[in-house]
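Novice: Checked TrEMBL, it gives:
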{"type": "BINDING", "residues": "94, 136, 140", "note": "Fe cation binding site"}
{"type": "ACT_SITE", "residues": "137", "note": "active site"}
Ligand code: GNR
Ligand code: NI
């Protein structure tokens, strides 16, 4: 298992639409394990493959608290079959947008079909945090970020801040990006 570097806003990779997975094999399960390890290390409660630079329709979620037994879930080619009319609001964050949080309104419950890590077709009826997290992660598979669900004013502010951060301190370097300008 290995921890992979996270892709951070405004990297255009995050806007890619991820591709359906054609076969659930050992290499894919290895990627799922690496994603789980990366998510636990961060730490976060969910992670989409595109956040580690793999444009594949796979996501992992573990909602167990730190003092609870881990409960890793792998979702391959997830599809929302139904959404509740009822909405719920959660304060969301994203490992690709570090240290920024905002309230997002989404359907309070969703029915999702997916393949599990054995390639077996499954269906889940999720509510509460699981419903929110699944929708947040499925958005990633479509190149959508939680800031796309907040006001344009707030979104523009966040994007501007992360563009400046990337300019001042390019990823993989500890030194400032430029000497002047
Ligand atoms: O760790 C995460 N926490 C979180 C909190 C509320 C709603 C969604 C999330 S997902 C996020 C990890 C992440 O960025 N997944 O893509
Ligand atoms: Ni996210």
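Keep in mind that glycine also has a Cβ here, set from the backbone N, Cα and C atoms.
The shown structure was predicted, so the numbers you read here are calculated from the model rather than taken from an experiment.
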Novice: Using the Cβ center of 94, 136, 140 as the Fe cation site position, which other residues in that chain lie within 8 Å, going by their Cβ?
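Specialist: In sequence order, the nearby non-listed residues are 46, 48, 51, 92, 95, 96, 137, 139, 145, 146.
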Novice: Please list residues from the chain of residue 136 (Fe cation binding site) whose Cβ is under 8 angstroms from its Cβ, counting only those at least six apart in sequence.
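Specialist: Same-chain residues close to residue 136 (Fe cation binding site) (Cβ under 8 Å, separated by 6 or more) are 46, 92, 94, 104, 146.
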Novice: So what sits near residue 140 (Fe cation binding site) in its own chain, CB-to-CB under 8 Å and at least six residues off in sequence?
Specialist: 14, 18, 48, 50, 51, 59
